[in-house]
Amino acid sequence: MALRVPAIPFTFVAHTLGIAALVLVLVWNIHFRGGFAWEATNKNLIFNLHPLLMLLGLIILGGEAIISYKSLPLKKQVKKLIHLVLHALALALGIIGIYAAFKNHNESGIANLYSLHSWIGIGVIVLYGIQWIYGFLIFFYPGGSPTLRSECMPWHVVFGLLVYVLAVANASLGFLEKLTFLESSGVAKFGSEAFLVNFTALVTILFGVFVVISVLSEAPAPIEDDHSYSSI
């Protein structure tokens with residue numbers, strides 16, 4: 001089912017929200033949390049990489065990969081390659097982001113995988129990886145037959161959107177969890193940092209909403225369409 005409206009305006013809104021979310025998470029972690037580091041005596045600087053990389057990877061690049069078919073008036077094979085590469089970058093950043101959280105916990109003596117956010121996060125990264133491998137094998141290389149691709153396409157689309165929505169929901173849960181910890185450590189509940197974190201979460205959710213709306217809207221006609229099946 002597709003909405004009978006062009007996708008391009010929604011993709012422009014999504015691009016703007018994605019940039020805004022990235023700027024907000026940078027301001028939060030640099031101005032309020034002290035910046036980033038891979039090796040540091042202040043282990044919080046290591047953890048700060050986690051929200052940055054997860055947002056930039058699974059949420060922003062993942063969302064841009066999804067809507068690339070709806071925002072780029074290019075040949076189908078070019079769009080397929082862009083879709084594949086953006087998802088690969090998103091997956092790589094997501095893995096590094098999760099590793100940063102484990103690194104922070106291990107070096108700080110904090111238990112791992114004790115929260116719902118962490119459980120869902122592991123599930124999301126595993127499902128994201130499965131989706132990427134599945135798409136690569138069926139739609140890119142070695143590629144399935146036209147019949148197989150046509151049968152797999154609806155599942156590829158639906159499963160991809162479900163994983164993405166779950167990633168956005170878990171990002172929101174992560175913002176909530178981190179802010180709860182900060183407030184229990186003395187951060188003012190109605191202070192500027194709390195407001196910034198909550199607003200960043202709202203912008204992230206809105207970005208995800210416009211990604212989904214873009215997918216459900218009508219794409220512009222490609223420069224060259226051979227009517228073959230490929231991933232979106």
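Heads up, the Cβ atoms here are built off N, Cα and C, so glycines get one too.
Residues or ranges marked as domain 'Cytochrome b561' by TrEMBL: 13-216.
Within its own chain, the transmembrane segment (12-32) has Cβ neighbours under 8 Å at 48, 51-52, 55-56, 59-60, 63-64, 67, 71, 193, 196-197, 199-200, 203-204, 206-207, 210-211, 214, counting only residues six or more beyond its boundaries. Sequence annotations record features per position, and here TrEMBL assigns transmembrane segment to 12-32 (among others).
The transmembrane segment feature in TrEMBL is assigned to 52-69 (among others).
Note on the transmembrane segment (81-102): residues 38, 46-47, 49-54, 56-58, 61-62, 64-66, 68-69, 72, 74, 112, 118, 121-122, 124-125, 128-129, 131-132, 135-136, 140, 231-232 of its chain, located 6 or more positions outside it, place their CB under 8 angstroms from a CB of the stretch. Summarising the annotation, TrEMBL assigns transmembrane segment to 81-102 (among others).
Away from its own ends, the transmembrane segment (114-141) comes close to residues 54, 58, 62, 80, 84, 87-88, 90-91, 94-95, 98, 101, 148-149, 152, 156, 159-160, 163, 166-167, 169-170, 173-174, 177, 229-231 of its chain (Cβ-Cβ under 8 Å, at least six residues beyond either end). Residues annotated as transmembrane segment in TrEMBL: 114-141 (among others).
Marked as transmembrane segment by TrEMBL: 153-175 (among others).
Under the heading transmembrane segment, TrEMBL lists 195-216 (among others).
Outside the transmembrane segment (52-69) by six or more residues, the chain places 7, 11, 14-15, 18, 21-22, 25-26, 29, 36, 79, 82-83, 86-87, 89-94, 96-98, 100, 121, 124-125, 128, 160-161, 164, 167-168, 171, 174, 204, 207-208, 211, 214-215, 219, 232 with a CB less than 8 A from a CB of the stretch.
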